[in-house]
Amino acid sequence: MSNVTVSVRFRPFNSREKREGSDSVCFQIMDEESFLFKDEKEEEHAFSFDRVFYQRSTQADVYNFMAKPIVKDAVNGINGTIITYGQTGAGKTYSMEGPSILGCDEQQKGILPRVFEGLFESIKCVDGVAKYTVKLSMVEIYMEKIRDLFDTSNDYVQVKEIKGQGIFLLGTTEICIINPEEALSYLSEGIANRAVGETQMNMASSRSHCIFVISIQETDQRVRGKLILVDLAGNEKVEKTGAEGRVLEEAKNINKSLSALGNVIKALTSDKTNHVPFRDSKLTRILQDSLGGNSRTALLCCCSPSFLNASESLSTLRFGARTKQVRISPRFNCNEDKVKVKQEILKYETNCHSSSELSNIILHKLKENLNVEVVNTLKELFTMGGIIFDPPEQFEDLALAADEAINQTLLSLHQTVEVLSKAVEQLTMENIALKSKVYTTTYLKANAIGSSNLHCSDSNMERGNKFSVSILRIGGLVSNGIYIWRMV
């Protein structure tokens, strides 16, 4: 797959659309990949995507086309991302989760529960479930803050990047999953913590972007592949949603982050732009690997079939059409090593007389790097080519230990920096408070002495009377001094 797969899904009419008499469709079906769309001015726009799911399409249809190939590739070491995008109330969460993450029938199950079923099925078919560990984490981006949905007290999750590992979320709760049923149980708890609100468009509108991260690890702790599923909050118009107060502020942040995502897509598809603004929002930063070429990515654009929402649906379709132009080359987790291995094989295979001779030459070259990922890649390539390749265990153990030590050191350093940063902030605030107290004390003493000297007199009578006045004035200064200190 050399580009992002983009599909479109038109949901059935909802009760509001039927009630307002807008039950005529705004598109004309051509085939499973193309259709004509009519906007509010009755102008026609032709669109073509990898797949179009019309009203009668099932949840299984969406999963089998979009997600199933990505799940299989994740077990084989290729990262995958699945994103739902569209107007609020267009069916994004229904497509991702179904009517409920627990208790819904087989036909209505969404992409997420089907992903876990497919994932464990694929693992069993590869090498047996005992050799793999599946971990799940879940966060939401709410008001431009990343919150851990498995630990709601942790609302300051940070996005980090480590060379060779890509983007990851530091400090999130990771839960080991042993079967799909356990995964759904944990997902139900996390989804219950997600921010939702009522608008005129939706009774339970998502007020945050929800991100599910599934990592597949081998027993030696090497990450085999990673799956990211993103249920975006819907873009919305205030006049249609009736948003006000806090809901309005939520809508502003949602639209701002979606606008940043649009700018990233625009930059990726433009020949004139050298800079891609991934850092403009938390959402685009997290999706940097997904859109930047280190992940196989599928986008589902959810739309209303009604003329009532034609302008929003047209905007969604245009976003999808532009995203389809993004050119990426999804890679194995050890992509750079894979390229080197392939180059070495092509370089030497014509001059070698046997498979063992070729294996020995390449192994000799790889010993200089001591990279265990290269060895694993060699195993995969040679196995596919029918070549027996069995490097010494000492080499693999040494390489694994080196990689593991580097990764642990980097993560430890990141955590140490975070702790030190918080300590510096606290000490800075304490320093400011101490300086304020010292300044106030010095100011009071200086004014008190000046006030006493000012009222001294040779006359004992006058000295006694003015001394009383000076005491009153000092009391006033003390009162004012406390007020000044509090202001500082």
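Glycine too: its Cβ is placed from the backbone N, Cα and C atoms.
It should be emphasised that the depicted structure is a prediction, and the values quoted were computed from it without experimental measurement.
Here is what TrEMBL records for this protein:
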type: BINDING; residues: GLY86, GLN87, THR88, GLY89, ALA90, GLY91, LYS92, THR93; note: ATP binding site
type: DOMAIN; residues: 3-326; note: domain 'Kinesin motor'
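Structural mapping of features recorded in TrEMBL.
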{"residue": "GLY86", "record": "ATP binding site", "CB count, 10 Å": "28"}
{"residue": "GLN87", "record": "ATP binding site", "CB count, 10 Å": "25"}
{"residue": "THR88", "record": "ATP binding site", "CB count, 10 Å": "24"}
{"residue": "GLY89", "record": "ATP binding site", "CB count, 10 Å": "28"}
{"residue": "ALA90", "record": "ATP binding site", "CB count, 10 Å": "28"}
{"residue": "GLY91", "record": "ATP binding site", "CB count, 10 Å": "20"}
{"residue": "LYS92", "record": "ATP binding site", "CB count, 10 Å": "26"}
{"residue": "THR93", "record": "ATP binding site", "CB count, 10 Å": "26"}
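Averaged over the domain 'Kinesin motor' (3-326), the predicted model has a pLDDT of 86.
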